[in-house]
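**Student:** I'd like to ask some things about the structure below.
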């Protein structure tokens, strides 16, 4: 008789445990699902989460609910300081994904003998969530990059070909970042790959310190190696569809455009942003004739993604470029050739404000 009481009590405790972890898993899935729905607008991410939540709900039988006893739960209401430090959507997603995965593992272990169907479902969902979590975090990263891109008014393009001194390069870029520049593109046409990698790594670290976007010109392999925020490609570089396959969906992809046909093609192919120019004559694009302010005006009428006027732009010409319709500009010499790159950057930003 005593053995039967002990067995019944053990089953009741396991039922309580299963009830709590079903609640925990479903609640965590709902948190993730709602961010994918309202925060990311991604129905492809919402659908599996909703399906998993419904399947767990169907297996949340009344016998588990009847075993619930919140009043006697010794850990009810127990908190942890880490719970108050989740200040971003990715942090909340990571925490809730871990919560769900842990709950599902508990359901597997304790459900094998009591409820094999539930244990099997929990295992399937747990492995599915491992992969889906990565996709969701990638989508969060892309969204964050997109928001920062839309907020950027001034893009600094480096010019290490003029000066092979890494210390001076970093000094100029850091000065610009201190002034508020939030987008840096690393561009080097000369030199070797070892040199490029060293410079790109140093610039990526510097940009991360200031929470600025870091874009690599031309080189997708280099961008991936240093974990850059994206790549900028010229008209003679890879088609955007092939570039996207290599780069992945979470990073930014830019394209240089010199006429309306280029702009429309780039947008159709999924460019995240555009370079529009060269507006004026520039030493960095000697092979291209200036497109002039008329091209800026035309771009302003057709561009559906963020775009930067580029080419020979400095503090003297910005007013005319803005009057032609540009809200964002990219510069090289106006900052990198200045005796005071921080002040030059600050003045440019004030003019664009």
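Yeah, the Cβs are placed from backbone N, Cα and C, and that goes for glycine too.
Sequence annotations record features per position, and here Swiss-Prot assigns 4-amino-2-methyl-5-(diphosphooxymethyl)pyrimidine binding site to 185, 186, 187, 188, 189, 217, 256, 285. Taken from Swiss-Prot, the feature Mg(2+) binding site covers 218, 237, and the record attributes it to sequence analysis. What Swiss-Prot lists as region 'Unknown' is 1-128. If you look up Swiss-Prot, you'll see 129-353 marked as region 'Thiamine-phosphate synthase'.
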**Student:** Please count the residues of the region 'Unknown' (1-128) that DSSP assigns to helix (H, G, I), strand (E, B) and coil.
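**Tutor:** For that range the per-state counts are 105 helix, 0 strand, 23 coil.
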**Student:** Measuring Cα to Cα, how many Å separate residue 186 (4-amino-2-methyl-5-(diphosphooxymethyl)pyrimidine binding site) from residue 237 (Mg(2+) binding site)?
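**Tutor:** Checking the Cα atoms of residue 186 (4-amino-2-methyl-5-(diphosphooxymethyl)pyrimidine binding site) and residue 237 (Mg(2+) binding site) gives a distance of 16 Å.
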**Student:** Sorry to bug you, but what's the C-alpha spacing from residue 237 (Mg(2+) binding site) to residue 185 (4-amino-2-methyl-5-(diphosphooxymethyl)pyrimidine binding site), rounded to the closest Å?
**Tutor:** 16
**Student:** Sort out for me which one of 187, 188, 189, 285 has the most neighbouring CB atoms within 10 A, since those are the binding-site residues we care about.
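**Tutor:** That would be 188, with the highest Cβ count within 10 Å.
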**Student:** Roughly where does the region 'Unknown' (1-128) sit in mean pLDDT, to the nearest integer?
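**Tutor:** PLDDT averaged over the stretch: 87.
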**Student:** How many Å separate the Cα atoms of residue 218 (Mg(2+) binding site) and residue 188 (4-amino-2-methyl-5-(diphosphooxymethyl)pyrimidine binding site)?
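**Tutor:** Here the two Cα atoms lie 9 Å apart.
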**Student:** Cα distance, residue 237 (Mg(2+) binding site) to residue 187 (4-amino-2-methyl-5-(diphosphooxymethyl)pyrimidine binding site), nearest Å?
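**Tutor:** Between the Cα atoms of residue 187 (4-amino-2-methyl-5-(diphosphooxymethyl)pyrimidine binding site) and residue 237 (Mg(2+) binding site), the distance comes to 14 Å.
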